[in-house]
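Notes follow once the structure below has been shown.
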Amino acid sequence: MSKRKSMGSISMVGSEDEVSSDSDGDIHSDDDESLSDGDESIKETPMEKRSRLARQYLDMVKGSAKKKVTSDEDYSSNDDDDDDDSNDNDDSNEDDNMNMKLQVLRQKATSSYVRPLASKIKALSLSEPKYYAARSTPTCVSLSKSLAAIGTKSGAAFTLDVSTGARTYITPKAASTPILSIGLNSTRTSLACGLSTGQTQIYDLRTNSPPTTLPGHKSSVTSLSYSSTPPHSLYTASSDRCIRHYTSTHQYVETLYGHQSSITSLTIHNNKPITTSRDRTLRIWDVVHGTHGIYRPGSKGSSEDCCVKIGEKNVLTGSEDGSVRLWEVGKKKPMEEIRGAHGGKWVVSAGGGGGGGSDFGVTGSWDGYVNLWGLEEGEKKKSIKLINRVEVEGYVNGVAVDEEGRFAVLAVGREHRLGRWEVVKTKERVGVLELVQGGDEGGGEEEAGEQYGISEEEEEEEREEGGSSGSESD
């Protein structure tokens, strides 16, 4: 495979169309003739099968409704008109429900689905997180389904099964190089650890083999992340001001240049890296077209230290001066700035539900609280509101939120993940904060897939088709 040419230090502010998610497409099907199950010469795509099964389900619902009307006529011949109206409403409700679930599945496949979580979390009476002890200061956390991965300053990395509490140490006991960033891939088979030496180590969680080392960075790997959608690329960011791009099999692709100082955080949405830096900028990278958008907080702003995607076209950032800012893709200046969001303390970490595709975000500091934010629609623009908060003593060095908003995993320590400027008297631990019980109600992927007879393999195949088409047109 030939290496792609690096984009160089292109400082181009992207338009809204360049850096926003792809538009949702309607589900099209051929209604003239349905496919025969016995015709082996015709191979259905997952979308075609979904449409055919949906039509069959709708016909079945309408047929059962008509049977019910016929049987009810024997008992209530005087109420025929009322029964007809009621059944018409039932048919309409079933149609609307089915169409809504199919639309949700399509949006999830193209990473444009915004999961509504803020209103549910605002109404919760949150209890103290459940804590698990750590050997040294936890510096970072990554989450895939119910499996969390945590890195520490002592060089230890371990996984935590949130559902059972089981912990498994991944790194050897002799490891001593601080881990500053960590990432789990979507299949939970690979674990990437960014070290203070500039190396990235890849562990295969299916085996006990030694890690594969990815060189290249000249300074600490401060942040890294796998893309949750195809092609599941790995991006690593460093204090050397560079971003390195790897394939899902960890083959080097390119290096992205542009930041003028240390990169402090990196997240990915719709295959587009989003980064913050001590050069006081937020940047959104379009790796397909070789450009990136630059967003500045203004002359009074300080270093942007963490970021998370929130809503369809917004980004939430936290800064060294304690401010939390809301940005909109395509607009250079922040839409809203909340100063002193954590009592003037450094905002260290940020995370969001729905894999960055929800109306809810979390920020962590060392002011004694974790803040929970909701994205609200205004008459002219969107805004963020503090909807809840939880007491947490110590530096919240990392935050990862479950895709359905069921829980958040917190990396809590005595020290900041990048230094020892001020030490807090607390325990080194990992916290699990319970949020929405039972996850997102209605429109869940597993529920909708099961109802319409779609297997997990077909769901994954459709995600890959949607992801590849999105990358080509991005």
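Along the chain as shown, the residues are counted starting at 1.
Each Cβ is built from the backbone N, Cα and C atoms, and glycine gets one as well.
Just so it is clear, the model here is predicted, and its values are computed rather than measured.
The annotation compositional bias 'Acidic residues' is assigned in TrEMBL to 15-39, 72-97, 442-464. Residues or ranges marked as compositional bias 'Basic and acidic residues' in TrEMBL: 40-51. As annotated by TrEMBL, region 'Disordered' applies to 1-98, 436-474. TrEMBL lists 256-287, 315-337 with the feature repeat 'WD'.
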Legend entry - Secondary structure content, the repeat 'WD' (256-287) (per DSSP, counts of residues): 0 helix, 19 strand, 13 coil
Inset, instruction - Determine how many residues of the repeat 'WD' (315-337) DSSP places in helix, in strand and in coil. - result: 0 helix, 12 strand, 11 coil
Inset, instruction - Summarise the model's confidence over the repeat 'WD' (315-337) as a mean pLDDT value. - result: 94
